[in-house]
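Before any comments, here is the structure.
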Amino acid sequence: MEGMDVDLDPELMQKFSCLGTTDKDVLISEFQRLLGFQLNPAGCAFFLDMTNWNLQAAIGAYYDFESPNISVPSMSFVEDVTIGEGESIPPDTQFVKTWRIQNSGAEAWPPGVCLKYVGGDQFGHVNMVMVRSLEPQEIADVSVQMCSPSRAGMYQGQWRMCTATGLYYGDVIWVILSVEVGGLLGVTQQLSSFETEFNTQPHRKVEGNFNPFASPQKNRQSDENNLKDPGGSEFDSISKNTWAPAPDTWAPAPDQTEQDQNRLSQNSVNLSPSSHANNLSVVTYSKGLHGPYPFGQS
């Protein structure tokens, strides 16, 4: 078999290797896959076109071009920390994918690096998110807003870190998504978002009989009642009994007024039992305010 390989005409091998070159999209995808998604489709097309769309020659040309010693950043995929990871998701549903990555190299990442979509299914319109420059061995979480496809099924896509000059580096991050009508991933992330928002809002201190469902006027009246003496006061009791109007009129009832005055006069008499004259004068003074004087006006 090996002798047969040696006897083959190199020109024939060249023609054989170029079979199917009309399907350039397939060659570009295969070239990108063999390189571990280190090159974008436009770069793959450049090397393939330079080598007459020969896949093997294009790969060799790429490595010859990249042979100079270039300091490439390092990135290691740590774990998928997506909320609800592993759950299926309904069609046409927004969700967030979050990955934990680490700068596993000895140098800090250059500025302007990003996490970029490189192949497979693209979920939504976001194809790139900027990532801050990580120090050596530093770990960070990167989130991407996505949307599930409109049809049920299994989907997969690939993302990679990329420098500002277009150089891909680090591990390939895979997105494997199960789309089902009864999926719970969207609901799980919404509930988690509500819980996070509630826990981060400042809470107001509630005192007394504050009712969050009552009108502001009722809450203010409740606060005013709390400021009063809980046991009441003798002055409040007297003022309410003496000056409170009758239910059907604004003025005190005449009978009630006369009874109060007679009781006040009697109390005055009882306070001075030593002198009958003084008692009469006090009674005369009290009666004189409202009617005839039984003993004459003094």
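Numbering starts at 1 and runs along the chain as it is shown here.
Glycine is no exception: its Cβ is also placed from the backbone N, Cα and C atoms.
Worth saying up front: this structure is predicted, and the values here are computed from it rather than measured.
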Quickly, which of Ser148, Ser215 does Swiss-Prot have down as phosphoserine? Just give the residue. Ser215
From Ser222, Ser233, pick the one Swiss-Prot annotates as phosphoserine? Ser222
Of Ser67, Ser272, which one does Swiss-Prot label phosphoserine? Ser272
